[in-house]
Amino acid sequence: MERTFREQLCFLLLSVSVLRGGCRSLENNEISNDFYSLFNPEPRRDSPDAFVYRRPLRCMDMVAVEGQFTFTAETPHLSCATFLMAEPRELISVELDRVDIDCSAGDFITVFDGWVMKGEKFPSSQDHPLPLYERYVDYCDAAPARRSVRASQNVAMVFFRVHSAGSSFTLTVRKHANLFPCNAISQSPEGSYTMVIPQQRRNCSFSILYPVAIDISEFSLGRHGSFPKRTMPGCSESEDFVQLLGGNGIDTSKLLPITDLCISFTGPTQMKIGCDNTVVRMVSSGSFVSRVSFSYRALDSQELQTIKLNNVEDFCFNN
């Protein structure tokens with residue numbers, strides 16, 4: 001795996017930890033000093049009557065709280081990005097306000113419904129409900145009504161470029177409850193989650209950007225049946241199944257399939273996966289109320305060392 005991609009992942013994860021007030025140590029992450037310099041202090045709370053966080057926005061930034069974030073250029077900034085993140089059961093919305101840029105000079109502000117890293121996108125085109133071109137909203141091209149954008153999941157991204165000092169804009173970031181969350185990226189290396197697809201033809205992915213031990217405790221299609229828990233070689237004939245994927249990118253369509261589950265069961269099914277990204281992906285035909293429940297925790301250094309001979313580990317570090 002390229003060091004630059006690993007650094008990007010570690011930067012994002014550490015940024016979330018800092019912003020949530022729960023920073024922890026990550027071993028062997030190879031983060032350069034340049035990445036540490038991007039961290040911001042905790043956003044400050046204004047007067048009790050306002051309840052709005054406000055702080056400056058940097059060219060490369062991570063935002064995991066609601067509030068207003070203002071970017072003001074002191075010099076040209078030609079390649080900037082802000083990663084936005086909420087809890088898995090929330091949606092992110094972004095509103096652009098007090099925008100002072102020159103679109104005719106090549107300035108732009110673009111909101112993306114998801115994340116992009118090294119050309120890979122989350123959610124993948126296979127899992128997102130919108131075609132790719134509808135996931136980009138450009139301030140310079142959009143009608144005024146589209147200057148407020150609600151993402152389809154708990155992550156979104158803002159790209160921007162400004163050529164002149166003094167150019168500025170403000171992002172207002174809000175979080176909204178999501179009754180039936182589909183695609184999501186976990187903020188934490190440990191937790192539990194239940195994914196439900198209520199008789200809809202769609203694909204949903206839950207991404208954990210850490211090497212983890214994962215325990216799938218239940219998979220239900222609204223019908224009864226015995227298992228094998230693992231199918232050999234897969235579930236190619238089924239329209240309803242759960243995949244466990246691993247790899248070092250964020251595009252689920254490019255990850256390694258580790259195992260498929262296509263018959264209802266009550267667990268546990270346990271695995272340890274040494275990849276930088278572990279994904280539980282559920283594919284639904286819409287014929288059933290599909291449900292999968294799982295828990296996960298980060299692998300410690302000894303566990304990572306132990307599984308280095310595992311084929312999945314070899315795949316993650318050699319591709």
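Even glycines carry a Cβ here, placed using N, Cα and C.
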CYS59, CYS103: which one closes the disulfide with CYS80 in TrEMBL?
CYS59
Name the residues of the same chain, 6+ apart in sequence, whose Cβ is under 8 Å from the Cβ of CYS140 (disulfide bond)?
ILE101, CYS103, ASP107, PHE108, ILE109
In Å, rounded, how far does the Cα of CYS235 (disulfide bond) sit from the Cα of CYS80 (disulfide bond)?
42
Whole-number Å distance between the CA of CYS275 (disulfide bond) and the CA of CYS59 (disulfide bond)?
29
Run through the Cβ atoms and count how many others sit within 10 Å of the one on CYS103 (disulfide bond).
13
Say you check the Cα of CYS262 (disulfide bond) against those of the disulfide-bonded residues CYS59, CYS80, CYS204; which is nearest?
CYS204
In the domain 'Corticotropin-releasing factor binding protein N-terminal' (52-176), how many residues does DSSP call helix, how many strand, and how many coil?
11 helix, 68 strand, 46 coil
